[in-house]
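Here is the structure we will look at.
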Amino acid sequence: MERVLIVRVGELTIKRGKTRVEMERLLLRAAKEAATECGNVRFVREPGRIYALGDIDCLRNKLSRVFGVKSVSPAYVIIFEKIEDIVDAALKLWGSAVAGRKFAVRVHRVGEHSFTSRDIAIAVGAVLTKAGGKVDLENPEVELFIEVRNNRAFLYTEVIEGPGGLPIGSEGKVLALVSGGIDSPVAAWMMMRRGAHVDVFYCNLGGTFVARLVVEVIKRLLSWSYGYNARVVITDCAPIGRTIRRNVKEELWNIAFKRALYLTARKVADIVRATALVTGESLGQVSSQTLQALAAVERGLDIPVMRPLVGMDKDEIIQLARKIGTYELSIKIPEYCAIFSKRPKKWATREEIEEIDLAIYDAVIEVVKNIKIVKKRELDSYIASLSPPQDIEIESLPPDAVLIDLRDQKSFQKWHLPGALRADPDDVLTLVDRLGHDKTYVFYCYSGGLSLDVAESLRKFGVKAYSLKLRK
Ligand SMILES: Nc1ncnc2c1ncn2[C@@H]1O[C@H](COP(=O)(O)OP(=O)(O)OP(=O)(O)O)[C@@H](O)[C@H]1O
C-alpha cells in the first residue's frame, strides 16, 4: 500500500476559468516551497485536491500551513478491482487498532461502481467487529475514513485543518506595519491568508536588542509566506523620535509618532509597490484606537489602510497569535517608547495633524532615505549581524555617572545599587531632559537586554549612555 498526503483545497474551488487555473498554479508553487525540507516530493493534481508523495510526516506538517489548503490527510492508497480488496486493506490497516475500541467507518465515493458507500461501510464494519472493535457511529473513539475515487481507495484516520484562505499571490501586494507586538503580526498573517503578497515595515525607535527580537517575530510570521520571498523594510526611526520631542507639543507625541509611522509607511509602499497599508489596530482596544483617533492619523493619506483585526476581541487575537507561532516571541519584547507622553491627547484636529506633518516632514524623508530592505530568505544572516555598539556594556561605573535602575518599584525597594535612581523605560528621556544631556548615564535592569536597548536609543538622542553588566 502506498502512502500519500491528500491536500484538499478550500475557497479557490469556487473560482472559475483562468482565475482558478492561476490560483491552482500559485497554490502548487507555495506547496513546493513548503515541501523543500521534505526531500524528494512528487505532486499530482486533481480537481479540488492535490496528492503529495514522499516523506508523509514531514509533508503533513508543512502543507497544513499553506494558504489555500483546507485540510490534509495522511492516507494509504490502493488500486482495487472489487469491494473485497478495500475490505482486506481496511482489515490489514486497522484490524489491531480497533480491537477493544469503538469505531465508525465513514465512506465517500466518486465514480461508477457495482456497490454503494453503505455496502463498503457494512463490509468493513463487519470484519473490524470480528477483529474485536465495536461499531459506534455517534461517539466513536476512532473514525476510519474511506474515499473511493474510481478504481482507487484512500484510507485514513486524520483530517488536519489547514489555514484555508487563498493562495499567496492571488491578490495584490500590501505593506504590513509590524511592531513585533501581539496584534500586528496577526493582522499581517490575515492578509497573507487572503492571498496578498505581504511585505513588512518595521520602524525601530530603540536599539539592536529590541530590533533583534522584533525581526525574530517577523521571521516567524514570514515562515508562512510560502511562494513569496517577502521583503522586510527596517528603518531606524530615531530621527522621528528626536524631531517629535523637539518640535511637537508633548500631549501630541503619541499621535505624532503614529502619524509619522503612517507617512513613512506610505512612502515605503511606493518603493515596494504596495497598494495598501495594513495595521494591527482593533476598534477601541486602547485609547489611541478609537474611531476618531484612527480617522485623525490616516487623514489625507491617499492609500487604503486595512485593519483586519478591527472587529476582533483581544483574546481572539491572542488565540490566533498562538496558532501562528508569534505570540511566544511577541511577549518577550519589552514595550517602551522614547516618545511616550504621560497625558496624551486621544485624537487631533485637522489643524493639529497639519502642524504635526510640517514638524516631522524632514525626519520622515530622512528615515525613508535610510531604509534597509531585507528579503525573507536573508533574515537569518541579518539577525546575526545585529549587535549593539561594542563599548556600550560596562562592568564598573565611570566617575560622576548617573545610575538608573529600570526594574519595577517593588524590585527597586527590595534592593538596588547604592545611589541608583529608578525610572520606567518610557520616562528615561524625560528624566534625562531634566537632569541634563551633558551627563553620563548608566542603566541596569533584570537581564541586561532592556538596559542595553535604552542606552543605545539614548545615544541616538546624543546622550552618553551605558548598560551596566551586573555580576550574578
Ligand atoms: N514601531 C512600529 N513599526 C511598525 N509598525 C508599528 C510600530 N508601532 C506600531 N505600529 C503599527 O501601528 C499599529 C498600532 O500600534 P499601537 O501601538 O497603537 O497598538 P498595539 O495594540 O500596541 O499594536 P501591536 O500589538 O501590533 O504592537 C500596530 O498594530 C502596528 O500595525
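Yeah, the Cβs are placed from backbone N, Cα and C, and that goes for glycine too.
All TrEMBL annotations are machine predictions without curation.
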So TrEMBL lists LEU177, VAL178, LYS258, GLN289 for ATP; which of GLY169, GLY280 goes with them?
-> GLY280
Reduced DSSP state (H/G/I helix, E/B strand, rest coil) at GLN289 (ATP binding site) is helix
The record names LEU177, VAL178, LYS258, GLY280, GLN289 as the residues that bind ATP; what is their largest Cα to Cα distance in Å?
-> 16
Integer Å distance between the CA atoms belonging to VAL178 (ATP binding site) and CYS445 (active site, cysteine persulfide intermediate) = 26
Select one residue from LEU177, VAL178, CYS445: among these recorded positions, choose the one with the most other Cβ atoms within 10 Å of its Cβ.
-> VAL178
Within 10 angstroms of the C-beta of LYS258 (ATP binding site), the count of other C-beta atoms across all shown chains comes to 22
Averaged over the domain 'Rhodanese' (397-471), what pLDDT does the prediction give?
-> 92
